[in-house]
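A quick write-up on the structure given underneath.
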2 protein chains.
Amino acid sequence: MEDKAQIQEAIKVQGEVVRKLKSEKASKEQIDEEVAKLLELKARLGGDDGKHQFVLKTAKGTRDYNPKQMAIREKVFNTIISCFKRHGAETIDTPVFELKETLTGKYGEDSKLIYDLKDQGGELLSLRYDLTVPFARYLAMNKITNIKRYHIAKVYRRDNPAMTRGRYREFYQCDFDIAGQYDAMIPDAECLKIVHEILSELDLGDFRIKVNDRRILDGMFAVCGVPDDKFRTICSTVDKLDKMPWEDVKKEMVNEKGLSEEAADQIGEYVSMQGGMDLAERLLQDHKMSQSKQACAGLSDIKLLFSFLQLFQVTDKVVFDLSLARGLDYYTGIIYEAVLTQAGVAAVSNEAQNGANAEESVSVGSVAGGGRYDGLVGMFDPKGRKVPCVGVSIGIERIFSIMEQKAEASAEKVRTTEVQVMVASAQKNLLEERLRLVTELWNAGIKAEVMYKKNPKLLSQLQHCEESGIPLVAILGEQELKDGVVKLRVVATREEIDIARTDLTSEIRRRTSEA
Amino acid sequence: MEDKAQIQEAIKVQGEVVRKLKSEKASKEQIDEEVAKLLELKARLGGDDGKHQFVLKTAKGTRDYNPKQMAIREKVFNTIISCFKRHGAETIDTPVFELKETLTGKYGEDSKLIYDLKDQGGELLSLRYDLTVPFARYLAMNKITNIKRYHIAKVYRRDNPAMTRGRYREFYQCDFDIAGQYDAMIPDAECLKIVHEILSELDLGDFRIKVNDRRILDGMFAVCGVPDDKFRTICSTVDKLDKMPWEDVKKEMVNEKGLSEEAADQIGEYVSMQGGMDLAERLLQDHKMSQSKQACAGLSDIKLLFSFLQLFQVTDKVVFDLSLARGLDYYTGIIYEAVLTQAGVAAVSNEAQNGANAEESVSVGSVAGGGRYDGLVGMFDPKGRKVPCVGVSIGIERIFSIMEQKAEASAEKVRTTEVQVMVASAQKNLLEERLRLVTELWNAGIKAEVMYKKNPKLLSQLQHCEESGIPLVAILGEQELKDGVVKLRVVATREEIDIARTDLTSEIRRRTSEA
């Protein structure tokens, strides 16, 4: 124990140091450092003096997950991971931060959203912005030329997110990627099959998977007369079509990006097109589109893709949509995005609450996206060796939000533990006997709890079971101990039966495997 | 696609900008920013120019986990989480960074090891240093007064770690804590029971759990004549006893910390004591120790603890050890640490390789630790309301290292996927049929793979099964398709049988559930 008076004296001195630095307009860093020392001293004091300075909150754009949210998260992860494993994926993990230069030049304009670590000496580091760039770095670094892997981890973006719509500065990504030189469109089709399986199993309502190809977009821009150096910026304007009506998108192209009205109108015609394999066939005959070799390569691949999707039995949800652009720079071929078409009652009401406008609520639906990126790994390889990749990222945070809202709306209670039985007693002085019994149960692999009180009331023990959904109570009393039995109570029905102590674990197992 | 010449021109211009700033001695930040733009341009060029700048490595003190390591990690986590769930724990998650001030004043001297984020405007943030402080912040913020929770997540320390011994700057912590006002030593004993269960189940070899109490240490210091203001520093010297012989510890106390030789010798006598409940009883009678009220309170609790540990059947591994001090400031009562007593053949040989000395290799053994911290939550509460807590942290990285080395040494191959069957073909032009069959299997919940080639060789398909441990191959050929059967091949025995297509999934399930 430290001497209080001594610390108080130190606080006084340190307070002077801080005041002096401030009056001298010392550097922010120097002042911060001395303030930190002061706060530390105050904290050590443990008294009220040390209390006020704490702002009790999580960092902006982040949140804690409470046990209920974690139970939902676990369920969603299990569904997704099962699907990834069913398709033979391995998993890897990478550090939460990378060398800053590893991320440089991969995200275009969004680079400003990267979190940097403070330079505390040593390497310059940044928090990962997605899982794709670390994956590419991993492949190049380990000279891996083919792998099918999933990676579920948090990524970081200094955005101004709408947290009510499940958007945060710290959020999970849930990626599945296939790297390797393979025959066209087979891995690409499997990615879409996976999205179809996951969204179906999670039971989020109807959905659609939009598909397009970067080569079709580029070819379309070329034949519509977009200058080469405007492809990228026009592409990112097209990307806004899910949030803005065509009229506004056109205005941006013409007024802000300096595109000719005529070119914009031609683009407008194409990006309104949606269909399946038939549309790809039609566009291959289109007198303008067919002039672009790139577009034709993309369109042929879309045809091939749909033939595989038919075999995979998922064409009911997939649509070839020329308005799909997707933001990221590194895509080189097929791109896709899954949207929920019934945005979900809960999600919509939440939108309304927060006064979001109608256009915004449309984009609530996007729950998965991805595409082919054949150049990214080569950017890391010293010799520029390419490893073709295709992958999909599940928009897990949005799915959490929807599942949480569904759970709120449902009458069924979310259990946050898996406890099968509570060891209880109605009488006093049976702590030792309770601990002895719960040990027997734990050692037999039964999930069991006991109250950490010498003499808890039976009522409070039963209440705990009700609250946390524990289905059984094993009740001990003098009589039961004498008879070598335990009174097993079913919480839901209040039924009670005496069970021989030797049969207890098998009886608990029998009763809880039924449930 | 961008025009190469245009980018090259932009690179030239940007290169000038950087040179100019450097010659003008502009601020590091400004230069960094422009260099980043330059690198981005080079990266966009995609040519060799953009390649050299990438240093292909992970940040110092961090590592990737490859699929094999992940498979081991998953197995270890499953064992630990099952144990936590068996004891009725919920789980929570908190953000990877906290407001800087949340961490201030909690870690004493180690605060210098905290990673800060760069000030990019907005709040000052730091990466979490452990899971205990965020847990306390969570409890105070949500006014939670009792909870039993586990939390498995990565934490960050700017240390100079010995990575060969499983120590990193980014590493997992695996915490179980019980918060709440309960009767003495019951939750404390359950924490030790949990350590006992986990270490037994992981089968890491023999282990011992050392137990002590901060109040006993403080009382001991008092009765040995250590001045009040030296308790903390002497305590951290005692903490080095697992790495240094007593002679060196004593030297540090006397020469560096200015303790009298007599006091040091008295401490030396006590810290050599080890035992069980009997030792606690003896010390309660000790003429010096019994003068300290604090020590007596601690000793009585040790007695009580051992009585519960007897009921939990774990006293075989627990030892009351007066030399156990533990580093962290926030402990207020019982403290404990589990060590592996057969440091493990692999671990030891690894030590030798890296020229670590014998004393260091002793501490390789520490794989779990924890204690009671009744004051920490109160530091966050605006009104200083206390929530008593006790918890344990499993040293999971060290356990991973040991398990990895065991796997290396073992003849058994670690599988990184769970694929049950490979859909293959010996003939050409059967891609569609293979995709149709694998779809049937996926839709039936079978874990299945198919090669992403139009016409793969049978040998390469079988080789893939051998390499990744896939037990079955479903082989399709013209004849099988005609007959409505599939040839099922058992990889291990090369046995082949024709199975009716309608029976295939049940046959696969039967054969792989046996395995």
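We number each residue from 1, going along the chain as drawn.
Any Cβ shown, glycine's included, is placed from N, Cα and C.
Remember, TrEMBL labels are computer predictions, not curated facts.
Site annotation for L-histidine in TrEMBL covers B:ASP130, B:LEU131, B:THR132, B:GLN173, B:ASP177, B:ARG326, B:TYR330, B:TYR331, and the matching candidate from B:ARG86, B:ARG157, B:ARG208 is B:ARG157. For B:ARG326 (L-histidine binding site), the same-chain residues that are 6 or more apart in sequence and have a Cβ closer than 8 Å to its Cβ are B:ASP239, B:ILE335, B:GLU337, B:GLY369, B:GLY371. Looking at the domain 'Aminoacyl-transfer RNA synthetases class-II family profile' (B:32-403) alone, the prediction's average pLDDT is 88.
Per-site Cβ counts within 10 Å over the binding-site residues B:THR132, B:GLN173 peak at B:THR132.
Taken residue by residue with DSSP, B:GLN173 (L-histidine binding site) is part of a strand. Counted within 10 Å of its Cβ, the other Cβ atoms near B:TYR331 (L-histidine binding site) come to 24, all protein chains included.
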